[in-house]
Amino acid sequence: MNEMTHRTKTRPVKVGNLTIGGNNELIIQSMTTTKTHDVEATVAEIKRLEEAGCQVVRVAVPDERAANAIADIKKQINIPLVADIHFDYRLALKAIEGGIDKVRINPGNIGRRHKVEAVVNAAKERGIPIRIGVNAGSLERHILEKYGYPTADGMVESALHHIKILEDLDFHDIIVSMKASDVNLAIEAYEKAARAFDYPLHLGITESGTLFAGTVKSAAGLGAILNKGIGNTLRISLSADPVEEVKVARELLKSFGLASNAATLISCPTCGRIEIDLISIANEVEEYISTLQVPIKVAVLGCAVNGPGEAREADIGIAGARGEGLLFRKGQVVRKVPEEIMVEELKKEIDVIAAEMAAEREKEKEKEKEKEKETQEQ
């Protein structure tokens, strides 16, 4: 059996201003729920997704009206845009012409070779990657006849077949997804895919369900896959506001230490010792830090006796007591604050630390740019 390709060993593929694969961080994606031809509504939803932390967004392109809207949408957003194409290769060509950053197709349902070749040539000319979207629910008839039902081996065979179509046309800017609604099937398919090729993998549990059930199902499946070192980009598929997909994705990546651009909340489960309204405070603080783009850890704890010690890794936190709270940094108490202002004081400290982290990150970026410049001049 081939060795599994770790996410850091996959081929880097450019998508707009991002690079997926290689040594780059996992990228969070989502998909709009609007009619793509409704530019105003689509842009408004994408703006909300951007604010929530979405890094790549996909839109359905079922008809010419949607394809013609791509250029207008692109002008008004800040993140890479992906066109989801099925059956009609001409829609892919129009989307590419409109400035799309990536095309998601299934080469098997685009039609004859000359149609696939037309899409590949257009993508190659513009430097646009193609995602091959394998789905357990829409495998080719001959694969289902061979295996009897959707299997991980059948999904990998489908992926390899489609990859070969593109490779035969000398196209290698490829990303692959192996989606299934069955968690165990998805885990097996992604693991076998990581052994079969080194293209970046887009992760997802398709049709996972409503906000609550879908979150649990996606976390179970994608968590197991991520823990194996597999995956370069992911989408949480929920029957909910797509902003919720982004929130869940950020939390999932933070749980595995795979997001350096997201804040983390640590809070205790409450008990009879608590003298403050911990649940509402934790929810308020979680909402406050939800859009921060720095890896700050914030703790909200109910017990002033054990709190600071239990959250030593937190950059900043509060531990409640009767009528007051302890404000602490890295497990060390900084000062006592009255209960009525402790949340506001915590927010002030969060702002200071977040600003420091952001400034430090900018310094690191400048250093990297200087190193690159020196390397190019040598």
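Glycine too: its Cβ is placed from the backbone N, Cα and C atoms.
In Swiss-Prot this protein carries:
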| type | residues | note |
| --- | --- | --- |
| BINDING | C268, C271, C303, E310 | [4Fe-4S] cluster binding site |
| REGION | 359-378 | region 'Disordered' |
For each of the binding-site residues (C268, C271), count the other CB atoms lying within 10 A of its CB, then report the residue with the highest count. C268
For the region 'Disordered' (359-378), how many residues does DSSP put in helix, in strand and in coil? 19 helix, 0 strand, 1 coil
Same chain only, sequence gap of 6 or more: which residues have a CB within under 8 Å of the CB of C303 ([4Fe-4S] cluster binding site)? C268, C271, R273, I274, A319, G320
